[in-house]
Amino acid sequence: MPTPSMEDYLERIYMLIEEKGYARVSDIAEALEVHPSSVTKMVQKLDKSDYLVYERYRGLVLTAKGNKIGKRLVYRHELLEDFMKIIGVDDTHIYKDVEGIEHHISWDAIDRIGDLVQYFQENQTRIDDLREIQKRNDFPEDE
């Protein structure tokens, strides 16, 4: 199993390849806001763990294993963002909140959150009912 740091890289590499068709060390460094030498070290580690194939100065390609995990990590991230929106988390907090929890939640919990997201998305009335409950439970800022 990849470490949380490896997951961050795999997720970003997968996204870059989906968006651009390729992922260069410089693109990964920019996206993750890290130094290119850090990316090179992690890419070598991911290569050694068979998540990707890396050739210096030529680029990298995800293996079937890396592609499968990358896709699942992106799904997890997007699902958690959807969940946060449904439960009414302010948009300015969603990304940071998802980044804070995505590595600390089991895949079983992700599957159950997926069920819950589906439940709410299938019927807008359910989301509206949740918003009404939230309005009743929210306290004014100055109390």
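Residue numbering: from 1, along the chain as shown.
Any Cβ shown, glycine's included, is placed from N, Cα and C.
If you take every residue in the domain 'HTH dtxR-type' (1-63) and average the pLDDT, you get 93. Annotation comment: Swiss-Prot describes 1-63 as domain 'HTH dtxR-type', evidence class sequence analysis.
His103 (Mn(2+) 1 binding site) falls outside any helix or strand according to DSSP and counts as coil. Summarising the annotation, Swiss-Prot assigns Mn(2+) 1 binding site to Asp8, Glu99, Glu102, His103.
DSSP gives Glu11 (Mn(2+) 2 binding site) a helix state. Residues or ranges marked as Mn(2+) 2 binding site in Swiss-Prot: Glu11, His77, Glu99, Glu102.
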### Query
Which of Glu99, Glu102 (the binding-site residues) has the most other Cβ atoms within 10 Å?
Glu102
### Query
Between His103 (Mn(2+) 1 binding site) and Glu11 (Mn(2+) 2 binding site), what C-alpha distance do you get in Å?
12
